[in-house]
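Notes to accompany the following structure.
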Amino acid sequence: MDHFNYRDGQLWAESVPVAELARQHGTPCYIYSRATIERHYRAFTEAVGNHPHLICYAVKANSNLAILNLLARLGSGFDIVSGGELARVLEAGGDPAKVVFSGVGKTSAEIRAALEAGIYCFNVESEPELARINRVAGEMGRTAPISIRVNPDVDAGTHPYISTGLKENKFGIPMTEAERVYQVAVSLPHLEVKGVDCHIGSQLTTLPPFIDALDRLLALVDRLSAQGITLTHLDVGGGLGVSYDEEKPPLPAEYAAALRAKIGDRPQTLILEPGRAIMANAGILVTEVEFLKHGEEKHFAIVDAAMNDLLRPSLYGAWQQIVPVIRRSGPERHYDVVGPVCETGDFLGKERALTLEPGDFLAVRSAGAYGFTMASNYNSRPRAAEVLVDGENAYLVRARERVEQLWQGERLLP
Ligand code: LLP
(Lines of atoms letter the chains of each structure in order from A and count residues from 1; the text may use other names and numbers.)
(Lines give C-alpha, C1' and ligand atoms only; values in the text may rest on other atoms or scores of the structure.)
Protein backbone atom coordinates (compact mmCIF):
# COMPACT_ATOMS: atom_id res chain seq x y z
CA MET A 1 0.00 0.00 0.00
CA ASP A 2 1.19 3.50 -0.74
CA HIS A 3 0.01 7.07 -0.29
CA PHE A 4 -0.54 8.00 -3.95
CA ASN A 5 -4.30 7.95 -4.35
CA TYR A 6 -7.02 9.60 -6.42
CA ARG A 7 -9.39 12.08 -4.84
CA ASP A 8 -11.88 14.11 -6.90
CA GLY A 9 -10.44 12.78 -10.14
CA GLN A 10 -6.86 13.73 -9.47
CA LEU A 11 -3.80 12.03 -8.04
CA TRP A 12 -2.53 13.07 -4.63
CA ALA A 13 0.78 12.40 -2.95
CA GLU A 14 -0.32 12.13 0.67
CA SER A 15 -2.19 15.43 1.16
CA VAL A 16 -0.73 17.33 -1.80
CA PRO A 17 -2.13 17.31 -5.35
CA VAL A 18 0.52 15.90 -7.71
CA ALA A 19 -0.45 18.40 -10.45
CA GLU A 20 0.39 21.26 -8.10
CA LEU A 21 3.86 19.82 -7.50
CA ALA A 22 4.39 19.28 -11.22
CA ARG A 23 3.50 22.93 -11.93
CA GLN A 24 5.65 24.21 -9.10
CA HIS A 25 8.76 22.12 -9.70
CA GLY A 26 8.44 21.37 -13.39
CA THR A 27 8.66 17.98 -15.09
CA PRO A 28 10.11 15.38 -15.23
CA CYS A 29 10.02 15.17 -11.48
CA TYR A 30 10.27 12.36 -8.96
CA ILE A 31 7.84 12.58 -6.04
CA TYR A 32 8.29 10.45 -2.92
CA SER A 33 6.02 9.85 0.05
CA ARG A 34 7.51 9.91 3.52
CA ALA A 35 4.56 8.02 5.07
CA THR A 36 4.99 5.20 2.55
CA ILE A 37 8.73 4.88 3.16
CA GLU A 38 8.22 4.76 6.91
CA ARG A 39 5.36 2.30 6.67
CA HIS A 40 7.43 -0.10 4.55
CA TYR A 41 10.46 0.15 6.82
CA ARG A 42 8.34 -0.54 9.89
CA ALA A 43 6.67 -3.54 8.24
CA PHE A 44 10.07 -5.23 8.21
CA THR A 45 11.15 -4.37 11.73
CA GLU A 46 7.78 -5.19 13.28
CA ALA A 47 7.64 -8.60 11.62
CA VAL A 48 11.10 -9.60 12.79
CA GLY A 49 9.94 -8.56 16.24
CA ASN A 50 12.18 -9.24 19.18
CA HIS A 51 14.72 -11.44 17.39
CA PRO A 52 17.95 -9.43 17.25
CA HIS A 53 18.04 -7.85 13.83
CA LEU A 54 19.31 -5.03 11.69
CA ILE A 55 17.62 -3.66 8.58
CA CYS A 56 20.33 -2.47 6.20
CA TYR A 57 18.46 -0.51 3.53
CA ALA A 58 20.09 -1.06 0.10
CA VAL A 59 21.27 2.43 -0.77
CA LYS A 60 21.44 1.70 -4.50
CA ALA A 61 17.63 1.64 -4.69
CA ASN A 62 17.41 5.35 -3.88
CA SER A 63 20.28 7.27 -2.39
CA ASN A 64 18.85 10.76 -2.00
CA LEU A 65 20.24 12.23 1.23
CA ALA A 66 16.79 13.15 2.56
CA ILE A 67 15.63 9.56 2.17
CA LEU A 68 18.76 8.10 3.76
CA ASN A 69 18.31 10.58 6.60
CA LEU A 70 14.66 9.58 7.15
CA LEU A 71 15.67 5.93 7.32
CA ALA A 72 18.59 6.71 9.63
CA ARG A 73 16.17 8.50 11.96
CA LEU A 74 14.08 5.31 12.09
CA GLY A 75 17.18 3.40 13.17
CA SER A 76 17.94 1.81 9.81
CA GLY A 77 21.35 0.54 8.84
CA PHE A 78 22.58 0.61 5.26
CA ASP A 79 23.87 -1.81 2.63
CA ILE A 80 26.42 0.01 0.49
CA VAL A 81 28.36 -1.04 -2.60
CA SER A 82 30.80 1.82 -3.11
CA GLY A 83 32.79 4.56 -1.43
CA GLY A 84 30.29 6.99 -2.92
CA GLU A 85 27.40 5.29 -1.15
CA LEU A 86 29.38 5.26 2.11
CA ALA A 87 29.98 9.00 1.78
CA ARG A 88 26.26 9.56 1.17
CA VAL A 89 25.29 7.55 4.25
CA LEU A 90 27.71 9.52 6.42
CA GLU A 91 26.59 12.83 4.92
CA ALA A 92 22.96 11.88 5.64
CA GLY A 93 23.71 11.17 9.30
CA GLY A 94 23.63 7.37 9.00
CA ASP A 95 25.38 5.33 11.68
CA PRO A 96 28.53 3.72 10.22
CA ALA A 97 28.30 1.01 12.88
CA LYS A 98 25.15 -0.19 11.07
CA VAL A 99 26.68 -0.33 7.58
CA VAL A 100 27.41 -3.50 5.60
CA PHE A 101 29.58 -3.18 2.51
CA SER A 102 28.68 -5.50 -0.40
CA GLY A 103 30.01 -5.69 -3.96
CA VAL A 104 32.52 -7.71 -5.94
CA GLY A 105 35.11 -5.01 -6.66
CA LYS A 106 35.95 -3.05 -3.53
CA THR A 107 39.09 -0.97 -4.07
CA SER A 108 41.79 -0.53 -1.43
CA ALA A 109 40.75 3.10 -1.05
CA GLU A 110 37.12 2.12 -0.47
CA ILE A 111 38.15 -0.50 2.09
CA ARG A 112 40.29 2.06 3.89
CA ALA A 113 37.45 4.60 3.97
CA ALA A 114 35.06 1.98 5.34
CA LEU A 115 37.53 0.96 8.07
CA GLU A 116 38.13 4.58 8.98
CA ALA A 117 34.37 5.14 9.26
CA GLY A 118 34.05 2.01 11.42
CA ILE A 119 31.48 0.02 9.45
CA TYR A 120 29.75 -3.03 10.88
CA CYS A 121 30.90 -5.58 8.29
CA PHE A 122 32.36 -6.23 4.85
CA ASN A 123 30.42 -8.77 2.79
CA VAL A 124 33.35 -10.46 1.07
CA GLU A 125 32.80 -11.89 -2.39
CA SER A 126 36.14 -13.57 -3.26
CA GLU A 127 39.42 -14.83 -1.83
CA PRO A 128 41.51 -12.03 -3.37
CA GLU A 129 39.16 -9.55 -1.72
CA LEU A 130 39.69 -11.29 1.61
CA ALA A 131 43.44 -10.90 1.18
CA ARG A 132 43.06 -7.25 0.19
CA ILE A 133 40.92 -6.38 3.21
CA ASN A 134 43.39 -8.19 5.49
CA ARG A 135 46.28 -6.22 4.00
CA VAL A 136 44.58 -2.81 4.23
CA ALA A 137 43.42 -3.48 7.80
CA GLY A 138 46.97 -4.55 8.72
CA GLU A 139 48.44 -1.36 7.25
CA MET A 140 46.01 0.65 9.35
CA GLY A 141 46.67 -1.36 12.50
CA ARG A 142 43.02 -2.41 12.53
CA THR A 143 40.94 -5.56 12.46
CA ALA A 144 38.31 -5.75 9.74
CA PRO A 145 34.92 -7.34 10.48
CA ILE A 146 33.92 -9.65 7.64
CA SER A 147 31.29 -12.07 6.49
CA ILE A 148 31.54 -14.28 3.43
CA ARG A 149 28.92 -13.86 0.75
CA VAL A 150 28.11 -17.36 -0.36
CA ASN A 151 26.39 -18.23 -3.56
CA PRO A 152 23.71 -20.74 -2.55
CA ASP A 153 22.92 -21.70 -6.16
CA VAL A 154 19.17 -21.20 -5.97
CA ASP A 155 17.11 -19.96 -8.86
CA ALA A 156 15.36 -16.79 -7.78
CA GLY A 157 13.03 -17.06 -10.77
CA THR A 158 13.48 -13.41 -11.64
CA HIS A 159 14.83 -11.46 -14.62
CA PRO A 160 18.27 -12.83 -15.61
CA TYR A 161 19.88 -9.36 -15.25
CA ILE A 162 18.86 -9.16 -11.58
CA SER A 163 19.31 -12.80 -10.59
CA THR A 164 22.46 -13.15 -8.54
CA GLY A 165 22.40 -16.45 -6.67
CA LEU A 166 23.14 -18.92 -9.45
CA LYS A 167 26.47 -20.67 -10.05
CA GLU A 168 26.89 -18.79 -13.31
CA ASN A 169 26.61 -15.36 -11.63
CA LYS A 170 29.66 -13.30 -10.66
CA PHE A 171 28.53 -12.88 -7.06
CA GLY A 172 29.73 -14.60 -3.92
CA ILE A 173 31.75 -17.70 -3.19
CA PRO A 174 30.37 -21.10 -4.25
CA MET A 175 28.84 -23.05 -1.38
CA THR A 176 31.24 -25.90 -2.09
CA GLU A 177 34.20 -23.58 -1.42
CA ALA A 178 32.69 -21.80 1.55
CA GLU A 179 34.15 -23.84 4.41
CA ARG A 180 37.66 -23.71 3.00
CA VAL A 181 37.41 -19.94 2.51
CA TYR A 182 36.17 -19.49 6.09
CA GLN A 183 39.24 -21.43 7.26
CA VAL A 184 41.42 -19.04 5.23
CA ALA A 185 39.59 -16.08 6.74
CA VAL A 186 40.08 -17.18 10.35
CA SER A 187 43.79 -17.71 9.65
CA LEU A 188 44.30 -14.12 8.49
CA PRO A 189 45.51 -11.93 11.34
CA HIS A 190 43.69 -8.69 10.56
CA LEU A 191 40.22 -10.11 10.03
CA GLU A 192 37.41 -10.83 12.44
CA VAL A 193 34.95 -13.37 11.04
CA LYS A 194 31.46 -12.28 12.04
CA GLY A 195 28.83 -13.72 9.78
CA VAL A 196 27.55 -15.18 6.57
CA ASP A 197 25.80 -13.35 3.78
CA CYS A 198 23.87 -14.07 0.60
CA HIS A 199 21.68 -12.21 -1.87
CA ILE A 200 20.00 -14.32 -4.51
CA GLY A 201 18.39 -11.70 -6.69
CA SER A 202 15.90 -8.91 -6.88
CA GLN A 203 12.15 -8.62 -7.48
CA LEU A 204 11.44 -12.11 -6.11
CA THR A 205 7.73 -12.71 -5.86
CA THR A 206 7.59 -16.00 -3.96
CA LEU A 207 9.00 -17.20 -0.66
CA PRO A 208 10.51 -20.62 -1.57
CA PRO A 209 13.79 -19.33 -3.10
CA PHE A 210 14.42 -17.24 0.03
CA ILE A 211 13.68 -20.22 2.25
CA ASP A 212 15.87 -22.56 0.17
CA ALA A 213 18.75 -20.12 0.40
CA LEU A 214 18.26 -19.69 4.13
CA ASP A 215 18.20 -23.49 4.64
CA ARG A 216 21.55 -23.71 2.89
CA LEU A 217 22.97 -20.86 4.94
CA LEU A 218 21.82 -22.44 8.19
CA ALA A 219 23.34 -25.79 7.22
CA LEU A 220 26.62 -23.96 6.55
CA VAL A 221 26.41 -22.18 9.92
CA ASP A 222 26.09 -25.61 11.59
CA ARG A 223 29.02 -27.11 9.65
CA LEU A 224 31.19 -24.11 10.52
CA SER A 225 30.19 -24.30 14.15
CA ALA A 226 31.30 -27.96 14.21
CA GLN A 227 34.70 -26.71 12.99
CA GLY A 228 34.89 -24.15 15.78
CA ILE A 229 33.86 -21.13 13.72
CA THR A 230 30.99 -19.37 15.46
CA LEU A 231 29.07 -16.76 13.53
CA THR A 232 27.20 -13.90 15.14
CA HIS A 233 25.04 -12.79 12.25
CA LEU A 234 23.13 -14.08 9.28
CA ASP A 235 22.64 -11.64 6.41
CA VAL A 236 20.00 -12.85 3.97
CA GLY A 237 20.34 -9.91 1.56
CA GLY A 238 17.47 -8.08 -0.10
CA GLY A 239 15.35 -9.03 -3.07
CA LEU A 240 11.75 -9.00 -1.90
CA GLY A 241 9.64 -7.99 -4.89
CA VAL A 242 6.84 -5.47 -5.16
CA SER A 243 3.66 -5.31 -7.16
CA TYR A 244 4.28 -3.39 -10.39
CA ASP A 245 1.40 -5.01 -12.21
CA GLU A 246 -0.43 -8.17 -11.20
CA GLU A 247 2.39 -9.68 -9.14
CA LYS A 248 1.40 -10.72 -5.65
CA PRO A 249 4.69 -10.88 -3.77
CA PRO A 250 4.66 -11.79 -0.10
CA LEU A 251 4.25 -8.79 2.16
CA PRO A 252 7.38 -7.70 4.06
CA ALA A 253 5.65 -8.94 7.20
CA GLU A 254 5.04 -12.41 5.70
CA TYR A 255 8.57 -12.60 4.37
CA ALA A 256 10.18 -11.57 7.65
CA ALA A 257 7.91 -13.90 9.62
CA ALA A 258 8.89 -16.85 7.39
CA LEU A 259 12.59 -16.13 7.89
CA ARG A 260 12.13 -15.76 11.58
CA ALA A 261 10.24 -19.05 11.83
CA LYS A 262 13.13 -20.83 10.10
CA ILE A 263 15.75 -19.24 12.31
CA GLY A 264 13.86 -20.17 15.48
CA ASP A 265 15.88 -19.52 18.58
CA ARG A 266 19.27 -19.47 16.96
CA PRO A 267 21.26 -16.63 18.49
CA GLN A 268 22.51 -15.01 15.28
CA THR A 269 21.42 -11.45 14.52
CA LEU A 270 19.30 -11.41 11.36
CA ILE A 271 20.34 -8.81 8.79
CA LEU A 272 18.05 -7.87 5.91
CA GLU A 273 19.03 -5.65 2.97
CA PRO A 274 15.75 -4.53 1.40
CA GLY A 275 15.84 -1.79 -1.21
CA ARG A 276 12.96 -2.06 -3.65
CA ALA A 277 10.40 -3.25 -1.09
CA ILE A 278 10.91 -0.04 0.88
CA MET A 279 11.24 2.46 -1.95
CA ALA A 280 9.61 1.32 -5.22
CA ASN A 281 6.01 2.12 -4.37
CA ALA A 282 7.03 5.14 -2.32
CA GLY A 283 7.81 7.13 -5.47
CA ILE A 284 6.36 8.22 -8.80
CA LEU A 285 7.88 9.90 -11.84
CA VAL A 286 5.74 12.74 -13.16
CA THR A 287 6.04 13.77 -16.77
CA GLU A 288 4.18 16.07 -19.16
CA VAL A 289 2.78 15.06 -22.54
CA GLU A 290 4.53 17.19 -25.16
CA PHE A 291 2.92 15.85 -28.32
CA LEU A 292 0.51 13.18 -29.45
CA LYS A 293 1.52 11.54 -32.67
CA HIS A 294 -0.93 9.35 -34.50
CA GLY A 295 0.92 7.04 -36.87
CA GLU A 296 -0.49 4.47 -39.25
CA GLU A 297 0.14 1.59 -36.88
CA LYS A 298 0.59 3.25 -33.53
CA HIS A 299 -0.33 6.17 -31.37
CA PHE A 300 2.57 7.77 -29.55
CA ALA A 301 2.43 9.98 -26.48
CA ILE A 302 5.73 11.85 -26.53
CA VAL A 303 6.49 12.92 -22.98
CA ASP A 304 9.28 14.94 -21.38
CA ALA A 305 10.70 12.02 -19.33
CA ALA A 306 12.89 9.48 -21.06
CA MET A 307 15.05 6.41 -20.63
CA ASN A 308 17.74 8.59 -19.07
CA ASP A 309 15.30 9.46 -16.27
CA LEU A 310 13.85 5.96 -15.81
CA LEU A 311 15.86 3.18 -17.41
CA ARG A 312 13.98 0.12 -16.14
CA PRO A 313 11.51 -0.22 -19.04
CA SER A 314 14.29 0.08 -21.64
CA LEU A 315 16.85 -2.05 -19.84
CA TYR A 316 14.73 -4.87 -18.45
CA GLY A 317 11.52 -4.51 -20.42
CA ALA A 318 10.06 -3.65 -17.00
CA TRP A 319 6.36 -2.81 -16.83
CA GLN A 320 5.36 0.11 -14.64
CA GLN A 321 1.87 1.52 -14.38
CA ILE A 322 1.31 4.86 -16.15
CA VAL A 323 -1.67 6.88 -14.97
CA PRO A 324 -3.07 10.34 -15.64
CA VAL A 325 -2.42 12.88 -12.89
CA ILE A 326 -5.81 14.48 -13.63
CA ARG A 327 -8.35 12.11 -15.10
CA ARG A 328 -10.18 13.30 -18.17
CA SER A 329 -13.19 11.77 -19.87
CA GLY A 330 -13.29 10.78 -23.52
CA PRO A 331 -12.34 7.82 -25.66
CA GLU A 332 -9.17 5.95 -24.80
CA ARG A 333 -6.44 5.21 -27.28
CA HIS A 334 -3.59 2.75 -26.95
CA TYR A 335 -0.41 4.77 -26.69
CA ASP A 336 3.25 3.95 -26.61
CA VAL A 337 4.52 6.42 -24.02
CA VAL A 338 7.93 7.47 -25.30
CA GLY A 339 10.59 10.02 -24.43
CA PRO A 340 12.56 12.46 -26.58
CA VAL A 341 15.79 10.42 -26.54
CA CYS A 342 17.04 9.28 -29.93
CA GLU A 343 16.74 5.53 -29.39
CA THR A 344 13.96 3.17 -30.38
CA GLY A 345 14.41 1.61 -26.94
CA ASP A 346 13.41 4.88 -25.30
CA PHE A 347 9.98 4.14 -23.90
CA LEU A 348 8.30 4.23 -20.52
CA GLY A 349 5.42 1.97 -21.46
CA LYS A 350 3.81 0.42 -24.50
CA GLU A 351 0.20 -0.01 -25.55
CA ARG A 352 -1.26 1.89 -22.62
CA ALA A 353 -4.95 2.72 -22.75
CA LEU A 354 -5.16 6.43 -21.95
CA THR A 355 -7.28 9.47 -22.69
CA LEU A 356 -4.79 12.24 -23.34
CA GLU A 357 -4.33 15.79 -24.54
CA PRO A 358 -0.97 17.54 -24.99
CA GLY A 359 0.00 19.28 -21.76
CA ASP A 360 -1.46 16.54 -19.55
CA PHE A 361 0.64 15.18 -16.72
CA LEU A 362 1.24 11.45 -16.40
CA ALA A 363 2.63 9.56 -13.42
CA VAL A 364 4.78 6.47 -13.79
CA ARG A 365 4.13 4.54 -10.61
CA SER A 366 6.47 2.37 -8.55
CA ALA A 367 9.40 4.56 -9.58
CA GLY A 368 10.91 5.20 -6.14
CA ALA A 369 13.48 2.39 -6.42
CA TYR A 370 16.07 2.15 -9.19
CA GLY A 371 14.58 5.23 -10.81
CA PHE A 372 16.63 8.32 -10.06
CA THR A 373 19.68 6.26 -9.01
CA MET A 374 19.91 4.77 -12.51
CA ALA A 375 19.34 8.09 -14.28
CA SER A 376 21.98 9.43 -16.64
CA ASN A 377 22.63 12.55 -18.66
CA TYR A 378 22.32 10.79 -22.01
CA ASN A 379 21.40 13.23 -24.78
CA SER A 380 22.69 15.97 -22.44
CA ARG A 381 19.51 15.88 -20.44
CA PRO A 382 19.78 17.34 -16.94
CA ARG A 383 18.52 14.95 -14.29
CA ALA A 384 15.03 15.44 -12.87
CA ALA A 385 14.04 17.25 -9.67
CA GLU A 386 13.16 15.15 -6.61
CA VAL A 387 10.43 16.16 -4.16
CA LEU A 388 9.59 14.48 -0.87
CA VAL A 389 6.04 14.88 0.43
CA ASP A 390 5.28 14.73 4.12
CA GLY A 391 1.57 15.10 4.83
CA GLU A 392 0.54 18.54 3.59
CA ASN A 393 4.11 19.66 3.02
CA ALA A 394 6.38 19.07 0.07
CA TYR A 395 10.14 19.59 0.08
CA LEU A 396 12.45 19.88 -2.90
CA VAL A 397 15.13 17.34 -1.90
CA ARG A 398 17.14 17.62 -5.11
CA ALA A 399 16.97 20.56 -7.46
CA ARG A 400 16.66 19.85 -11.15
CA GLU A 401 20.13 19.73 -12.65
CA ARG A 402 21.14 22.78 -14.67
CA VAL A 403 22.70 22.37 -18.10
CA GLU A 404 25.92 24.13 -17.00
CA GLN A 405 26.39 21.35 -14.46
CA LEU A 406 26.56 18.85 -17.31
CA TRP A 407 29.98 20.07 -18.46
CA GLN A 408 31.35 20.98 -15.08
CA GLY A 409 34.81 19.39 -15.02
CA GLU A 410 35.17 19.30 -18.80
CA ARG A 411 38.09 21.29 -20.27
CA LEU A 412 38.93 22.58 -23.75
CA LEU A 413 42.34 21.84 -25.24
CA PRO A 414 44.80 24.77 -24.99
N1 LLP B 1 21.79 -6.47 -1.35
C2 LLP B 1 22.58 -6.68 -2.41
C3 LLP B 1 23.90 -7.28 -2.20
C4 LLP B 1 22.14 -6.34 -3.70
O5 LLP B 1 22.93 -6.56 -4.74
C6 LLP B 1 20.86 -5.76 -3.86
C7 LLP B 1 20.38 -5.37 -5.19
C8 LLP B 1 20.07 -5.55 -2.72
C9 LLP B 1 20.57 -5.92 -1.48
C10 LLP B 1 18.72 -4.93 -2.78
O11 LLP B 1 17.83 -5.69 -3.51
P12 LLP B 1 16.28 -5.30 -3.55
O13 LLP B 1 15.71 -5.49 -2.16
O14 LLP B 1 16.17 -3.89 -3.96
O15 LLP B 1 15.71 -6.22 -4.55
N16 LLP B 1 18.25 -2.19 -11.07
C17 LLP B 1 17.45 -3.38 -10.89
C18 LLP B 1 17.68 -4.01 -9.54
C19 LLP B 1 19.10 -4.38 -9.27
C20 LLP B 1 19.31 -4.93 -7.90
C21 LLP B 1 20.75 -5.11 -7.59
N22 LLP B 1 21.04 -5.56 -6.27
C23 LLP B 1 15.99 -3.03 -11.15
O24 LLP B 1 15.69 -1.87 -11.42
O25 LLP B 1 15.14 -3.90 -11.12
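Here, residue 1 is simply the first one shown, and the rest follow in order.
Each residue, glycine too, has its Cβ placed from N, Cα and C.
Over in TrEMBL, the protein carries these features:
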DOMAIN    30-368  domain 'Orn/DAP/Arg decarboxylase 2 C-terminal'
DOMAIN    35-280  domain 'Orn/DAP/Arg decarboxylase 2 N-terminal'
MOD_RES   Lys60  N6-(pyridoxal phosphate)lysine
BINDING   Gly239, Glu273, Pro274, Gly275, Arg276, Tyr370  pyridoxal 5'-phosphate binding site
BINDING   Arg276, Arg312, Tyr316, Glu343, Tyr370  substrate binding site
Note to self: Considering Cα atoms only, can you say which of Lys60, Arg312, Tyr316, Glu343 is the nearest neighbour of Glu273 (pyridoxal 5'-phosphate binding site) among these recorded positions?
What the structure shows: Lys60
Note to self: Cα-Cα, whole number of Å: the residue listed as 'N6-(pyridoxal phosphate)lysine' versus Glu343 (substrate binding site)?
What the structure shows: 26
Notebook entry, point to check: Can you name the residues of this chain that are 6 or more positions from Pro274 (pyridoxal 5'-phosphate binding site) yet have a C-beta less than 8 Å from its C-beta?
Noted result: Phe44, Ile55, Tyr57, Ala58, Gly238, Gly239, Leu240, Pro252
Check: Out of the binding-site residues listed (Arg312, Tyr316, Glu343), which are within 10 Å of Tyr370 (pyridoxal 5'-phosphate binding site), Cα to Cα?
Finding: Arg312
Check: Listed pyridoxal 5'-phosphate-binding residues Gly239, Glu273, Pro274, Gly275, Arg276, Tyr370 - what's their greatest C-alpha to C-alpha distance in Å?
Finding: 15
Check: Once the DSSP letters are reduced so that anything not helix or strand counts as coil, what is Arg276 (pyridoxal 5'-phosphate binding site)?
Finding: helix
Note to self: Highest Cβ count within 10 Å among the binding-site residues Tyr316, Tyr370: which residue is it?
What the structure shows: Tyr370
Notebook entry, point to check: Roughly where does the domain 'Orn/DAP/Arg decarboxylase 2 C-terminal' (30-368) sit in mean pLDDT, to the nearest integer?
Noted result: 95
Check: Looking only at Arg276, Arg312, Tyr316, Glu343, Tyr370, the residues listed as binding substrate, what is the longest Cα to Cα distance in Å?
Finding: 27
Item checked: Tyr370 (pyridoxal 5'-phosphate binding site) - helix vs strand vs coil (DSSP) -> coil
